[in-house]
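Participant: Got a structure for you, written out below as structure tokens; questions coming shortly.
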């Protein structure tokens, strides 16, 4: 079930947080409301880390990551990098990369298996992404928009893209990403990636999101039946094939 | 599915727009800038907010005009295009949105309400353009406009009048002037037109209208005029004086086909033009033709009124002559578009065929033996003119016995007697002057008008400034004068205008089309 919240009266939740299956980053706000909303959902399941990147609070736009790793831009200070390395679980590789397009969250949309990249990213960066995050990288545009991270919200179970995406593009992307995709809106706006923070069992979106949009989100990301424990149960089912 | 783009040679995939759910109501719709379906958008945003929905307009029931403040009254029919334009102009704030369409919604005329449905377009929320229609109600209030209220107070109210007079015994000039005025629409603003003995009175509501009418007259006939005014009322506080203006206009009494004996001063001033001259054309200047030398002179109004001579003999005194012999012309001239040929002819009066005259005439180019002609009988006439007497005494050989003016077509006209003419003319709405004990004999008027029409037929240059309309009752007969070379002249069909007729049904149809 998706939760509606705001960061200091701003509905762009995806800009101020980064949610993956292994960890969650939130921006430092004057009040604790944002952090406590995440905490109520995720406490004890995955670590929630409060951080800035280069002193800027819009961390969701600046970094990109999944359960395998986290990529931060060259503007990240050494203290922040150290703080991240300390707080995140050991299997998560934190890597600072030197890239002209430093808003990595806007340029890269990824889940645990596949990533979409800005067409103008450097070859080196693409290789690093494939290496650190352990994903297959595709350079793509979504409905003629090059900032794929902003216009696409992706999890392992589904994704939402910009509402003006044509049917052919949707099919193409869906084949590439191997997940079901839907063209829709979040917070009544076109910028879907910036408006929502999503992982496999939960999602957080801005308070302007209407009930219709919420139902679309719930259905495409399959959030209704998803509980952290149920994922573990499913894994157990697939692991154990015989009872002795 | 895929289309080769011929211009750039690129491989373009066909794009079909998918559908997204409206963020409010969840109905599938094509994506738009507001991400809401039209109904949700309409419920969110009202672009007609702040626009006028009801307004009052004033209507004058006498003349059917609507008031555009502060002072203009615009004439418009019920549910017409002009009324629609006027209604939309009265709405304020309409420049904030784009007007797409406006049409009338039917209301009962008695209800004094006009309803207009207006469709506007405006931009809302990140670039989505929304179209919305809404009705505007106009309350019509009756209010007499100033001119109607003034007219109601005193219907005979006029501010300026033009008294047009010509001191001659016939009304030919006024018939011709009537046609000219109709053609140029010069008297369209006259409140009243009254016919009086030897003239016509025109009444106007405005001094400038009268002034422009006098200016028009000055261009078409030689006139002399004076202007007088009479005080009607005087507002002491604001020093406003109300006057009644009268223009007294005199038309020069010399007409076409008149025989004139010029006073010696005028004759020498015109280069010793033989004192006996014939007036051939009157427009804004008089054309005088010397029948012996075929020389023409032009006198404009000012030059004429300096001497103010009168005609010796007028067209009333024309006498019929039989032409027996025409000698070949001794001289030819073309003056002002008219051809003249000087030759000697043998003629005799119809009343006294025994007495033959051998005279010179300028009609040598059209007269043939056996023709009839009209001319002045100077031999037998008793002319009451001082100049003529002086001239008669001074000249050695005596005056010419007769001066022929024009060819006579009476015989040919006999054949066409009673048949309607091919053309008709329109008339000005004139009132007859009843008060002075009618000196005007209706039969005489008819005869004069008939002569005027004959004049029109014979002279193409007279028809130049006039509109003649096709006579619906006229049928082309086989014995038409077109085939007969000797027939009486008539107006060729190319010069006639078809009358413009607007039927009621056509008008209504047009209006309905416009409303849709």
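Placed from the backbone N, Cα and C atoms, the Cβ positions cover glycine too.
These figures come from a predicted structure and were not determined experimentally.
Per TrEMBL, the features are:
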COMPBIAS  B:415-425  compositional bias 'Basic residues'
COMPBIAS  B:428-445  compositional bias 'Basic and acidic residues'
COMPBIAS  B:496-516  compositional bias 'Acidic residues'
DOMAIN    B:22-251  domain 'Nmd3 N-terminal'
DOMAIN    B:254-297  domain '60S ribosomal export protein NMD3 SH3'
DOMAIN    B:318-407  domain '60S ribosomal export protein NMD3 OB-fold'
REGION    B:415-445  region 'Disordered'
REGION    B:473-516  region 'Disordered'
Participant: Using Cβ atoms and a strict cutoff of less than 8 Å, what residues sit near the domain '60S ribosomal export protein NMD3 SH3' (B:254-297) while being 6 or more residues removed from its termini?
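Facilitator: Result: 168, 170, 172-173, 218-222, 304, 307, 309-315, 318, 331, 333, 335-336, 338, 340, 342, 360-362, 376, 385, 387-388, 390-391, 399-400, 403, 405-406, 461.
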Participant: With helix taken as DSSP H, G or I, strand as E or B and everything else coil, how many residues of the domain '60S ribosomal export protein NMD3 OB-fold' (B:318-407) land in each class?
Facilitator: 9 helix, 44 strand, 37 coil
Participant: Would you report the average pLDDT that the model assigns to the domain '60S ribosomal export protein NMD3 OB-fold' (B:318-407)?
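Facilitator: The average pLDDT of the model in the domain '60S ribosomal export protein NMD3 OB-fold' (B:318-407) works out to 85.
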Participant: Could you give the number of helix, strand and coil residues in the domain '60S ribosomal export protein NMD3 SH3' (B:254-297) as assigned by DSSP?
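Facilitator: Taking each residue of the domain '60S ribosomal export protein NMD3 SH3' (B:254-297) in turn, the totals are 6 helix, 19 strand, 19 coil.
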